[in-house]
Every structure is written in C-alpha cells, then in structure tokens.
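Colleague: The structure follows.
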Amino acid sequence: MAQRIFTLILLLCSTSAFAGLFDAPGRSQFVPADRAFVFDFQQNQHDLTLSWQVKEGYYLYRKQISITPTKADIAAVQLPAGVWHEDEFYGKSEIYRKRLNVPVTVNQAAAGATLTITYQGCADAGFCYPPETKTVPLSEVAAAIDATPTPAVTQTGETSKPAAQLPFSALWALLIGIGIAFTPCVLPMYPLISGIVLGGRQRLSTGRALLLAFIYVQGMALTYTALGLVVAAAGLQFQAALQHPYVLIGLAIVFTLLALSMFGLFTLQLPSSLQTRLTLMSNRQQGGSPGGVFVMGAIAGLICSPCTTAPLSAILLYIAQSGNMWLGGGTLYLYALGMGLPLMLVTVFGNRLLPKSGPWMAHVKTAFGFVILALPVFLLERIIGEAWGLRLWSLLGVAFFGWAFITSLQARRAWMRIVQIILLAAALISVRPLQDWAFGSPSAQAPAHLNFTAISTVDELNQALAQAKGKPVMLDFYADWCVACKEFEKYTFSDPRVQQVLGDTVLLQANVTANNAQDVALLKHLQVLGLPTILFFDAQGQEQPQARVTGFMDAATFSAHLHDRQP
C-alpha cells in the first residue's frame, strides 16, 4: 500500500512539473481573439442575428463594428447602446461586455451573398486585438415588396457620429437670434415694425399687443423652420458627400467668407428688386389683424438684411451637415424666436426697454463674425488632425480676445478694467498652443524616446536580425488603435532607466495600424495575438520566448524585466 501511495504522489508531482513546462514566463496571459469574442450568427429568412459572447475581462468597441453586404441589401443597422469606457488617449468610447446581439434585416440576398463583419476589442489588462473580420454567408432571400434599398456599405458603429460631433446645440440658435437682434441692421427697425404690427393703433390692451407680436414672430418662425427642414432633408440625401475632404474644405471657405461679411469687408443680401417686391407684398397686409400680421412675419423671414444673411447662411450650412430633420426645423425656429423676443418686448412696453443705438451694435455684428469663424475650424479639424486643429482654435481665440481687449479700451467705466484684465488673460492663455508650436513645448525637454528602426514584413525582420552584428534585438509591435502601446511610448520607453538598459540593443518596431495582408502575415509568423507585444532576440537572432512581453508594463517593471532577461 505504501508503495502505491508513493507512486501516486510521484505521478502527481511529475504531472505538475510537466504542466510547468508550458507555463513559461513568456507565455501570454491573454486568449486568442476567437476565444475572447466568440462570434456566431443565425438567419431566418429576412431576419439575421449577429451575436458575440465576450469573455469576462474583455470588451468590444462599438465604433469598430461595421457590416458590409455583398450581393445583398440590408436595412440600416442600429447597434444597441453600450457602456462608457474612458482612457487617457482616446477619451470616452462606448463598449460592450459579456454579450452583444445585433439584429439585421435582410431585404434581399442573391445567390452567394455575404456580409463582411469587422470588429475589434481589448482586454481590461491593457491588451488590444487587431481588427477581426468574419464573412457570413447569407441564404437567398427574395426582395420584399416594401423593402427600401440601402447603401452598399453600412458603418453601424458611426451611424450618428456626424450629427453628434457638431460644434454647438440647437439652443445656441436662440442666443444667436437674440444677439442678431442687437446688430445695427435690425435693432433700429423694431419700433417701426412694432407700429406696423399694431396697425398704427396706439391704444391696445397689453394682451392684444402681445398676441399680435407673438403671431408676427410665429409667421417669421414658420419661414425659417421650413428653410431648416428643406436644407436638413437635402443634407440627409448627400450626407456621405458632405463628409468628403474637398466638400469640407469648400464649406470652410464659404463659412470664412460669411464671417468676413460680418466684419464689413463686403455686403450679403437679397437683390434689391426682390426685396422691394417682398416689401410691397408685406405692405398690402392689414396691420392689427392676426391674419395680416402672420403673413407679414412670414414675408419678413424672406427679407434678409446684411446683418442676418451671414448668420442665417452659416446656420443653414450647419444644418445641412447634420442631416437631421428635427434639428434643422428646431434650430431655425429657435433662431427666429430669438430674433422676435426683443420685438415682442418693444410691442408691449414701447421703446423705453431698448438700449440706445451706438457703435456697440457694430461690435455685436463683428463678434458674430468670430462665432461664424469657429465653424470652418471645426470642419477643417477633421482633415488636418487634432494638433493643427488645436493651433487653429488657438489662433481664433487670440484674434477674438485680442479684438475684444482692444475694443474695450474705448470704455471709460471703472468696472471695464476688470473685463480688460480677463480678456487679456484669456488671450495669453489662448496663445499657448501657438507658442509651443513655434518655440517648442516643455515636453520637448523630456528625455528622448527610443529610436526604433521600422520593419513591416517577415523578410525585413530577417534582414534586420542578420544585420544586428551579434547584438540582442528588441521588436516592438505598435498600432494607433492600441492604447497600451501609447502608454509604453509615453511612460516606459521615455524613462532613462529603460533607455540605459537598452543602450546596446538593436531596436525594431512594426507598425500594424493598417492591419493589411503583410501586417497579418508578420503577426501570424511570430504568433502575436494582439498588442502591445514586445519580442526579444538573442545575439544569434533566436527569439527568447520567456522574455516576450504582452500587455503594458510601467518603467520600473519593464526595466526589471530587461535586467532579468540578460545573461
């Protein structure tokens, strides 16, 4: 019996030792993408369900999920709302955990039809997988009678992105409308318009006067709302074209010209003949009657003064970018309501509530020119990138606050000195990105990052290993979509301790952001599951599996790891 027990213990120990052979330090703690995100699908005629089972401790990015049909037509795909995840480099992103089901309506599918599904995810421990692509074969489905054709490519993760990224909400239109009311082309006209609305009657009850003014404003709002709906509908039809770089540049130029008109460089307004005709039509209406006042307001909405043309055009272009019908109509309605509020006050309370006319009205008009200039910066930022976008915002901020400071110097009141100090401080803060760009930022004084040699194929890797001349080699895999890769660059590779240990090491880096065929081949050849992954080769060009790094390491941990791998 004792011999049997001894034999059993020896067997258990040998089993543990055998398992330990496969638990080497270089073994990745992360599972392959197919096990982290188990994908499946099920089709029942027109109804297709895509599903992912997400492993605990992993997540999928909502914006990285895309569906592309081939020889098939599908309805617009709506992804369910995810949970918010935030990191230092990419900010807030919607993600999915545990399980994701996406219903897809197949309007029509021919023989051999497929869906190409692309998705990408990461692990909470700081390990990201390259984009995964799956091909789903579709059963033949006859087109339904009420099926509506959809574009060939549906990028579901970005469905609402253009509208969501617009620079201001519709409520800003209300404030813009109120501001436009105090420009030199509009404010002096309110007493005259008030008299026309009341029909020349001076003794009307407050309620009656308020009602007539409100009806006039609603007539004006009707015209603007209709314009907003038409432009939003047109923008919806050409939404994809409106995101093309050439179109964005063209819109930015138009916005810049509109802003210059607010600065007084030239005048924008309807042809005088058309304005005269509309004015005559308005004069034929009977003031003091609800119907006549409503028509007056509707016609007034079509008569654009030099002060209102540029802001109105800017808002219309903003709406076209959104392609949102509700946003389009609501924005223009609030804009008209903002312009009409001072008129309602004048109609009820008289001229005593209006501020006195003066040069300040021209300053209001100029200020709106700077507001319009923010729109081309917003559009160009999509093309030129975040760094140059920040510099444009900086330039705009310096220009606006500098102009406001110089303008405020004309004031004589003591409290304006506080305003001047605030404006000057804002201008100095705004100039910082331009200063960093021109003279170098303080971060430039930080220790230099590692100097990598780029490789992209297996052949280039073998050639670099052959040219290492007996030196050890480190190969770092990097991608723009890998958060932990950026953390390695910022916190680990910049550390003097790490740089000192790697002083005699040949440094290679493979950028696999594109995830193209040669990237996939390199990853597969080296059995790399995801990023960040760092490989080490000895002086003979052989990989040291036990030294392989998967996942983020801070400078101290990575430095210790480098010391441990050294012979």
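Cβ coordinates are placed from backbone N, Cα and C, and glycine is handled just like the others.
Fair warning: this is a prediction, and the values are worked out from it, not measured in the lab.
Sharing the features that Swiss-Prot gives for it:
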DISULFID  Cys122-Cys128  disulfide bond
DISULFID  Cys185-Cys307  disulfide bond
DISULFID  Cys482-Cys485  disulfide bond
DOMAIN    435-567  domain 'Thioredoxin'
SIGNAL    1-19  signal peptide
TRANSMEM  170-192  transmembrane segment
TRANSMEM  212-234  transmembrane segment
TRANSMEM  246-268  transmembrane segment
TRANSMEM  297-319  transmembrane segment
TRANSMEM  326-348  transmembrane segment
TRANSMEM  358-380  transmembrane segment
TRANSMEM  387-409  transmembrane segment
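Each of these features: where is it, how hidden is it, and who are its neighbours?
Modeller: Sequence-distant contacts (6 or more apart, same chain, Cβ under 8 Å) of Cys128 (disulfide bond) comprise Gln120, Gly121, Cys122, Ala479, Trp481, Cys482, Val483, Ala484, Cys485, Gly530, Leu531, Pro532.
DSSP assigns Cys482 (disulfide bond) to coil in the three-state reduction, outside any helix or strand.
Same-chain neighbours of the transmembrane segment (358-380): 166-167, 176, 179-180, 182-185, 187, 248-249, 251-253, 255-256, 258-264, 307, 310-311, 314, 317-318, 321, 388-389, 392-393, 396, 399-400, 403-404, 407, counting only residues six or more beyond its ends whose CB sits under 8 Å from a CB of the stretch.
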Colleague: DSSP-wise, what's the residue breakdown of the domain 'Thioredoxin' (435-567) into helix, strand and coil?
Modeller: 60 helix, 23 strand, 50 coil
